[in-house]
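Features as listed in TrEMBL:
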DOMAIN    5-74  domain 'Large ribosomal subunit protein uL10-like insertion'
REGION    180-217  region 'Disordered'
COMPBIAS  183-193  compositional bias 'Gly residues'
Amino acid sequence: VGAPARVGLIAPIDVTVPPGNTGLDPSQTSFFQVLNIPTKINKGTVEITMSVELIKKGEKVGSSESALLSKLGIRPFSYGLIVTSVYDDGSVFSPEVLDLTEDDVALKFASGVTNLTSLSLAVSYPSLAAAPAMFAASYRNVLSVAVETEYSFPQAEDVKEYLKDPSKFAAAMAAPAAAAAPSGGGAAAGGGGAKEEKKPEPEDDSDDDVGMGGLFD
């Protein structure tokens, strides 16, 4: 709440009088002269011509300063309550809790989901958060079996076909690379296509890296 500058009060902040028309009649110029505030008469009223620092922080408010600010309708100081604790429905918490945004809550939730996922994978305990990683690890395991044996399933057909004859995919891989390469970079694009043929075989059965253990045995 705005508070006036009372005489004898220690100023908690700097107080500056802004330039502009004050609305006071010329008989009030003595207040401004005492405080060395430059003014002029404009259309029958006193006008402050430039900004003036009237009171500095830590100084006592004098009677002239208090009277002038009162005439100008300036309430430079303020007072109110500082909340130290919040009581709500039987709980007491710090007021900083009220400053949390939706982004902060989402970040905390995401952190909790990450911890839950890590724990589930570490102990091989199925949970909704860890399900995608567990299914991905299981798919890699089954795909590895399909690659090493005669067993197959629709999702493994493309991989097995690629391993049998990588040259079939060379043209498909080189075309996007050639389109993205700058002018004159045909050789580089072709080299990139050749390198793509040496992609490691998807036979990694490293289910342990996601904590699968023998969950799907």
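Note: Cβ is positioned from N, Cα and C throughout, glycine not excepted.
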Arithmetic mean of per-residue pLDDT over the domain 'Large ribosomal subunit protein uL10-like insertion' (5-74): 86
Residues in the domain 'Large ribosomal subunit protein uL10-like insertion' (5-74) grouped by DSSP into helix, strand and remaining coil: 19 helix, 19 strand, 32 coil
